[in-house]
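Database features (TrEMBL):
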BINDING   ASP30, SER45, ASP75  Mg(2+) 4 binding site
BINDING   ASP30, ASP75, ASP209  Mg(2+) 3 binding site
BINDING   ASP47, ASP122  Mg(2+) 1 binding site
BINDING   ASP47, ASP75  Mg(2+) 2 binding site
BINDING   HIS54, ASP259, PHE311  substrate binding site
BINDING   GLY121, ASP122, ARG146, SER211  ATP binding site
BINDING   ASP212  Mg(2+) 5 binding site
DOMAIN    28-138  domain 'PurM-like N-terminal'
DOMAIN    150-296  domain 'PurM-like C-terminal'
Amino acid sequence: MGEFELIRQYFMPLARLHGPHSLLVGPGDDCAIQQVPSGSDLVFSIDTLVVGVHFPLSYRPDYLGWRSLAVAASDLAAMGADPTCFTLALTLPEADEVWLRDFAFGLGKAAESFGLVLAGGDTTRGPLALSLQVHGLVPHGAAIRRSGARPGDLIVVSGTLGDAGAALDYLEALSPSTDEEFVLERYHHPEPRLTLGVALRSLATAAIDVSDGLLADLGHILEASSVGASIERARLPVSPALKRLKGLAAQDYALHSGDDYELCATIPEASWAGAPSSLKQQLTVIGVIESARGLRLDGAAVGSEADAVGFDHFRRKS
Ligand SMILES: [Mg+2]
């Protein structure tokens with residue numbers, strides 16, 4: 001089977017997984033056409049992953065398919081966008097049918113789960129690399145940006161932090177324990193908080209997804225908003241599994257390690273007080289935005305650049 005047929009067989013099904021969406025023309029023409037409803041803004045972002053830089057050659061292709069789309073879709077969640085469609089540019093050393101089938105399987109599961117239709121793509125021969133561009137829609141002017149945080153806003157995070165970072169210690173484990181399996185699953189199959197992002201649209205003044213680590217990513221909000229913040233270590237949400245695996249160091253993983261793809265947002269106190277409890281249950285208040293620049297952890301300045309940079313284990317491992 002030729003490369004073109006392989007792509008056709010494995011990727012075309014991803015172009016028709018869903019019912020109504022804003023895609024007028026999908027793969028098969030020179031361009032895809034997406035209708036942008038009047039009163040909506042188109043939100044889009046691209047991510048590139050290169051073998052040996054972002055993932056090892058031995059990484060399971062079905063996991064890679066899920067993870068690559070999840071990571072891209074997480075940026076839509078951070079902006080509060082409703083996901084619509086994506087394009088894929090795939091560079092392959094050879095048309096390996098088993099690899100392509102498994103990659104498309106993981107990618108397809110993610111696409112269905114996140115509500116993203118494949119709008120088109122391109123394939124080229126060369127060292128394994130993939131670029132995914134994701135599209136989403138928001139009501140005009142309603143996208144959550146990094147620059148809106150104001151003194152007095154509460155800082156919240158979704159889910160638990162540090163699990164995916166800890167998972168890197170167990171990637172080679174032959175028979176992982178239940179707790180190790182829990183954090184590994186968090187790493188291999190991140191869940192972009194798309195529904196939560198949309199719910200935050202009317203509440204949050206700023207948001208970002210935690211890809212590089214809480215300190216680094218919260219730092220981006222502070223920078224863009226020209227504010228500072230105080231957060232408390234004891235408030236950081238960590239999973240029972242991470243606590244059991246890492247003990248007192250669990251909070252360090254929550255602060256520094258990335259790859260969790262949870263959301264960090266800032267919400268005015270009055271909005272938080274009036275927020276539905278179903279939303280509050282998904283979020284933990286970890287601190288407050290302040291006018292004094294810089295980030296304070298339990299009152300002590302988190303000063304150096306090194307403290308604010310995420311671990312970036314994935315690159316180190318490969
Ligand atoms: Mg991001």
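Yeah, the Cβs are placed from backbone N, Cα and C, and that goes for glycine too.
Because TrEMBL annotations are produced automatically, they should be read as predictions rather than curated entries.
Take the Cα of GLY121 (ATP binding site) and measure to each of the binding-site residues ASP30, SER45, HIS54, ASP209, ASP259: the nearest one is ASP30.
Under the DSSP three-state reduction, ARG146 (ATP binding site) is assigned to helix. On a Cα basis, ASP30 (Mg(2+) 4 binding site) lies 11 Å away from ASP122 (Mg(2+) 1 binding site). In the domain 'PurM-like N-terminal' (28-138), helix, strand and coil residues by DSSP number 37 helix, 46 strand, 28 coil. Of all Cβ atoms in the shown protein chains, 18 besides its own fall within 10 Å of the Cβ of ARG146 (ATP binding site). Cα of ASP209 (Mg(2+) 3 binding site) to Cα of ASP30 (Mg(2+) 4 binding site): a span of 33 Å. Inclusion criterion for the binding-site residues ASP30, SER45, ASP47, ASP75, ARG146: a C-alpha placed within 10 angstroms of the C-alpha of ASP259 (substrate binding site); this criterion is met by none of them. SER211 (ATP binding site) is 9 Å away from ASP75 (Mg(2+) 4 binding site) when you measure Cα to Cα. Neighbour density for ASP259 (substrate binding site): within 10 A of its CB lie 26 other CB atoms from the protein chains shown.
Listed in sequence order, SER68, VAL71, ALA72, ASP75, SER131, LEU132 are the same-chain residues six or more apart from ASP47 (Mg(2+) 1 binding site) with CB atoms under 8 A from its CB.
Between the CA atoms of ARG146 (ATP binding site) and ASP30 (Mg(2+) 4 binding site) there is a gap of 35 Å, rounded to the nearest whole number. When each of the binding-site residues ASP30, ASP75, ASP122, ASP209, ASP212 is scored by how many other Cβ atoms sit within 10 Å of its Cβ, ASP30 comes out lowest.
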